[in-house]
Structures are given as C-alpha cells and as structure tokens.
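As structure tokens, the structure follows; a few thoughts come after it.
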C-alpha cells in the first residue's frame with residue numbers, strides 16, 4: 001500500500017490530503033454515493049407536495065406513495081453503501097498514517113528520542129492517527145457532501161418560495177456568526193486534550209518500564225497518584241473540548257428550530273393572504289427539516305476538523321523530529337572480511353547544547369585486528385565512544401574515521417552492517433529466543449547459530465528451555481537472568497560477523513565460569529576482528545593488546561597493562577583495586 005511521505009512545515013489540511021491522495025478513487029466513489037443519497041432525499045418533499053395536492057383534489061395517490069416508498073428504499077441502500085465505502089477508505093488512511101509515522105519513528109536520531117517521552121510517541125501512533133478516521137469521513141467528505149447538499153437544498157427552497165428562503169437564511173447566518181466564535185476554542189481544547197493523552201501515556205510507560213523498582217521501593221501509592229493526576233488532566237481537557245463541540249452542535253440545532261418556527265409563522269401568514277398554498281408551505285417545512293441534516297453535517301465536519309487538526313499537528317510534530325536518512329539494506333560482511341580500524345582526532349561532544357561536554361578533544365588510534373580496552377572512572381566518556389562510532393550521535397567537532405574514512409562519508413546502513421554492538425544493559429526484545437538471536441542477521445543458518453550458541457555457552461540454556469529456541473523470553477527478556485541476557489546480546493552481535501565488535505561492560509553480570517569462557521571467546525574473535533571493550537574487571541583489561549585510559553572526557557594514556565601500571569598513576573590506582581569503575 002502506498003503511504004504518504006513525511007511533510008513538515010505545511011498546513012494540517014495539506015498533510016491530511018497527502019494521506020488521502022492514494023485513496024482518492026475510493027473516496028470519490030464514496031462521496032458520489034453520498035451525493036446521490038442527498039439528491040434522492042431532496043426529491044421527497046416535492047413528491048410529498050404532489051401527494052398533498054392529489055389528496056386535496058381527490059385524485060389517486062397510489063403513484064405518489066409508490067414513488068415515495070421507492071425513494072426511501074433507494075436512499076437507504078445508497079446511504080449504507082456510501083457509508084461503508086467511506087469508512088473503509090478512512091481505515092486505509094489511518095493505516096497509511098500509521099505506517100508512515102512508525103517507519104519515520106524507527107529512523108529517529110537517538111538525540112531526538114532522548115528529548116521525547118516514548119509513551120507520548122506511542123500515543124501519536126495509536127491515538128492521534130485514529131482521529132484521522134473521523135476527519136476523513138466526517139470532516140473531509142462531510143464538508144464536501146454536506147456543503148453541496150446544503151447548497152442544493154437552499155436552491156430548491158428558493159424555487160419553492162424565495163421569501164421563506166430569505167427568512168431561513170437570516171437565521172442560519174446568525175448561527176454561523178456564533179459558530180465562528182466557538183470553532184477556534186474547539187481547536188485549542190482538542191490539542192490540549194490530545195497532549196494530555198500523550199502525557200498520560202508517557203507516565204504509564206515510565207512506571208511500567210521500572211515496575212519492579214516501583215514495587216521494591218513501596219512507591220505504588222505515589223506513582224498511582226501520578227497516573228491518576230495524568231488521567232484527570234486528560235479528562236478535564238477532553239471535557240473542555242466536548243463542551244465546545246456540544247455548544248457548536250446545539251447552536252446549529254437551535255438555529256434550525258428557530259428557523260422552523262419562523263417559517264411556520266411567516267408561511268402561515270402567506271397562506272392566509274393567498275400568496276402560497278398549503279402544499280407549498282408543507283413542502284418548504286419539509287425542506288427546513290431536511291436542511292437540518294446537511295447543516296449539522298457541515299458543523300460536525302468543522303468541529304471534527306478542529307480535533308483532527310490537533311491530531312495532525314501532533315503527527316506533524318513527530319514527523320519534524322530529526323531523523324536519519326533512509327538507506328537501502330546492505331548485506332552483512334562475508335566470513336573472513338578484513339577487520340576495521342578506528343581513529344578519533346580531537347573529538348569534542350556533548351549530548352545537548354544545555355549540557356556540559358562529555359569529550360574534550362579525545363584522540364586515539366585503534367589498528368585493524370586485536371583488542372583495545374577503555375578504562376577510567378565513571379563519567380569519563382567511555383560508553384560515549386561507542387555511541388559516536390555507531391553514529392547514534394555526531395561529534396560537535398573533530399573527526400572519527402573507520403578504515404581511514406570519515407564516518408560522515410559512510411552510508412549509515414553500510415557503517416552499522418560492519419559493527420556488532422553489545423550495550424551495557426544488554427536489552428532483549430519481547431518475542432522468542434530465536435528472534436532475539438537473529439535480530440541482526442535474520443538469514444543466519446542453523447549451523448552458524450548452533451556454533452555461536454556453543455561459543456557463548458547458551459547451548460545448555462536452550463536445552464533446558466521448554467520450547468528451545470522458540471521459547472518466549474518475556475517483555476524485555478524478564479524470563480532470562482541478567483547473565484543470560486548478556487550472553488544473548490553477545491551471541492546476537494557475533495552472528496552479524498562484524499568487522500568491528502563493541503563490547504560495553506559485556507560480562508559485568510556473568511559468573512566467573514561464564515566470564516572466563518567468554519573472555520577466551522573474545523580473545524579468539526580478536527585474532528580476526530577489531531574488538532573494542534569497555535570493562536571494569538581487571539581480568540578482562542589485562543588481556544587487551546592496548547588500553548586507552550580516559551578521565552574527565554580526555555585520553556590521558558594509551559599502552560599495555562604492564563606499561564600503564566608504571567606510567568599512569570590513575571590506571572595504577574584502578575588496577576590496584578582489582579575492580580575498575582563501571583559506567584561512562
């Protein structure tokens with residue numbers, strides 16, 4: 001299915017049209033059916049006038065009754081068909097918007113994600129896109145068909161009696177002035193209501209993401225109050241929006257009641273003077289009744305558009321967040337691909353303009369092949385090195401190269417295809433163990449998978465699990481231990497056959513036996529691959545070919561363990577504790 005491309009800085013209605021455009025044929029068909037439905041409805045008052053005239057003159061009314069019955073049946077059938085076509089099209093518009101937005105959110109730069117609440121972004125995909133359904137049917141089509149039906153009805157009323165039409169228009173224009181004052185308030189209230197839904201989603205995501213900590217801290221009552229306050233704020237804003245929408249709808253209804261009473265009074269006087277006959281008055285009153293439907297449709301379209309405009313604004317805001325360029329998928333490195341070299345030259349970096357610098361002119365060289373360890377106190381900037389290599393962020397100044405080529409010159413997909421990355425917290429996604437292992441290499445064969453499972457000592461775990469590799473690991477891998485999650489993350493990285501392997505505290509939760517085994521695995525991998533390790537255990541650091549000592553965002557020394565113990569006081573102090581600082 002075709003989906004709209006992200007557009008920013010454009011009016012909300014134009015963004016809506018970009019979602020509607022792929023479905024314009026179906027939309028036109030539904031609108032045409034709605035117009036035909038309206039046209040058949042306009043004939044009913046005229047048939048009713050003929051029926052009354054026939055009764056007044058004692059003529060047979062069979063033909064008029066049959067015609068009226070046929071029109072009613074046809075009107076109902078066409079209306080039902082048109083409604084189905086429009087609703088189906090509206091669902092397709094929602095699908096297109098969700099596909100566009102979800103694809104865009106997956107390409108968001110990490111810096112943009114850092115500044116937003118995940119729960120609010122989820123609300124934009126689930127809640128805000130749902131409102132496009134009503135905007136498409138009630139607003140876009142409702143305004144078109146309702147407006148045309150309104151004009152056609154007024155024309156027919158003018159044909160029946162121009163004087164009564166003037167009376168009706170005076171009342172309708174008065175109501176329109178009142179509506180013009182109400183509509184902007186609906187837009188503001190709707191935006192605030194949807195923002196409140198996003199805040200509530202963010203609050204819920206925050207709590208569920210750390211539910212064990214909340215329970216262990218006995219913080220349920222306080223967090224419950226936070227959730228309730230967010231829900232109540234959403235309720236207050238939604239009630240405010242509903243108040244103005246109800247005011248708009250009832251203003252239209254009141255206007256039509258006033259119009260009916262006024263037409264009845266003026267029309268009665270005209271019948272009394274002989275200006276018109278009773279059949280004409282009845283026909284005009286039927287048109288007044290019929291006028292209520294398109295007027296309410298137009299008013300509903302305007303009020304619904306204000307709600308949809310707020311939703312489109314939130315969707316547009318999300319599509320305006322900084323994102324990575326779209327890139328074609330690229331194959332992973334082949335077995336035996338040459339290892340990568342990495343260099344940092346005077347790199348300065350901070351996570352946001354209002355935050356202090358993490359790196360203050362970091363420089364180092366990592367040759368192809370071998371293992372390089374990064375050590376230093378917490379907050380020294382070690383993990384940030386890996387984030388910059390992956391281009392989750394770009395440095396403020398300086399240059400980072402891979403194989404002598406600036407990272408900015410690499411296509412992102414090609415760059416990341418060369419890298420295997422094991423994060424500090426070793427995230428595991430909901431799904432099966434197999435899905436998680438093959439996340440970075442869906443085409444991995446069974447033989448390679450079995451070999452990596454053995455290398456990372458996961459083969460025993462797979463044998464113990466009830467469904468083996470197909471066992472579901474739970475939300476964020478809650479059915480696995482911390483050490484098992486780390487081994488899954490390492491196996492996942494190895495299955496990508498990386499030219500550069502980044503291990504950030506990759507063995508921090510492993511027992512001594514598993515750590516020793518994986519240490520041997522990493523040493524073996526380092527013979528053919530470039531391995532960068534952030535580690536806090538001395539046993540891991542001492543096996544590195546070179547060690548980069550970082551402190552306060554600077555590289556203070558580079559060398560082997562033996563060299564640094566005597567040459568660098570900070571490293572000597574860290575080594576003496578037998579436990580290097582975690583984090584940073």
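Glycine residues also receive a Cβ, built from the backbone N, Cα and C atoms like all the rest.
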According to Swiss-Prot, which of these ranges is transmembrane segment: 187-207, 208-228, 271-291?
271-291
Would you mind telling me which of 99-119, 246-266 Swiss-Prot tags as transmembrane segment?
246-266
Candidate ranges 140-160, 308-328; Swiss-Prot annotation transmembrane segment resolves to 140-160
Please identify the range among 61-81, 334-354 that Swiss-Prot labels transmembrane segment.
61-81
Identify the transmembrane segment range according to Swiss-Prot, selecting from 27-47, 363-383.
27-47
How many other Cβ atoms are found within 10 Å of the Cβ atom of residue 379 (ATP binding site), counting all protein chains shown?
16
Just going by other Cβ atoms within 10 Å, which of the binding-site residues 376, 377, 381 has the emptiest spot?
377
Other Cβ atoms within 10 Å is the metric here; tell me which of the binding-site residues 378, 383 scores highest.
383
Going by DSSP, is residue 382 (ATP binding site) sitting in a helix, a strand, or coil?
helix
In the same chain, who gets a Cβ under 8 Å from the transmembrane segment (140-160) while lying at least 6 residues past its ends?
16, 20, 27, 30-31, 34-35, 38-39, 41-42, 45-46, 86, 168-169, 280, 283-284, 287-288, 290-291, 293-295, 297-298, 300-302, 304-305
Counting only residues 6 or more past its boundaries, what in the same chain has a CB within less than 8 Å of a CB in the transmembrane segment (246-266)?
163-164, 167-168, 171-172, 174-175, 178-179, 182-183, 186, 284-285, 288-289, 291-292, 295-296, 299-300, 302-303
Surrounding CB atoms that lie within 10 Å of the CB of residue 380 (ATP binding site), all protein chains:
26
In terms of DSSP three-state secondary structure, what is the assignment for residue 376 (ATP binding site)?
coil
